[in-house]
Amino acid sequence: MSHALKQVFNKDKTFRPKRKFEPGTQRFELHKKAQASLNAGLDLKVAVQLPPGEEQNDWVAVHVVDFFNRINLIYGTISDYCTEQSCPVMSGGPKYEYRWQDEHKYRKPTALSAPQYMNLLMDWIEVQINNEDIFPTNIGTPFPKNFLPVVKKILSRLFRVFVHVYIHHFDRITQMGSEAHVNTCYKHFYYFVKEFNLIDTKELEPLKEMTSRMCH
């Protein structure tokens, strides 16, 4: 990790506290397995594959939490530059605008500034991944029927963070020397959602050209 990125991460600029796995749990072991394959420098396409004998939902749950933590860090590094003034609309260039919708305050898709959208998004994801009814942590507790639909929604919304950061704030990422780290995180995310078919192809359109260059 570059020195500049280390400094930023050490300032605890994470947008949200990291969600951790309890040592001794199945999830913790899977998390270690996933980290080990990444640290071993395995091809990312291989690293995302389901290890033999593991449950797919467990593997997906571990990665969703991990991506949430990593993408939080990435957004945290540029959040001072993503303001109501610089980013009055949550978008990915002129063609793509993302509106916020939830079950509470925003029943209809609502245009918001990028920082407002990011705050609501990270709060919403945190609620989902901390909800034992959706992300059960006890061994033997089955995943609910709506687990994958919720996961798909989380991941497609996290993808929008990449879209916004790459299109509107990549100069800042480059200035900080964090480009390689962010690109690796993006590739890991992309290979994972493709491996398990977790994001609709049309959602991936905004970064299609970049992805075809980066993820062969």
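Cβ atoms are placed via backbone N, Cα and C, with glycine included.
According to TrEMBL, the protein has these features:
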type	residues	note
BINDING	Cys82, Cys87, His164, His169	Zn(2+) binding site
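Compute the center of the Cβ atoms of Cys82, Cys87, His164, His169, which mark the site for Zn(2+); besides them, the chain residues with Cβ within 8 Å of that center are Ile78, Tyr81, Ser86, Ala114, Pro115, Val165, His168. Just so you know, of the binding-site residues His164, His169, the Cβ with the fewest other Cβ atoms around it within 10 Å is the one at His169. For Cys87 (Zn(2+) binding site), the Cβ neighbour count at a 10 Å cut-off comes to 19, with all displayed protein chains included.
Other Cβ atoms within 10 Å of the Cβ of Cys82 (Zn(2+) binding site), summed over all protein chains shown, number 21.
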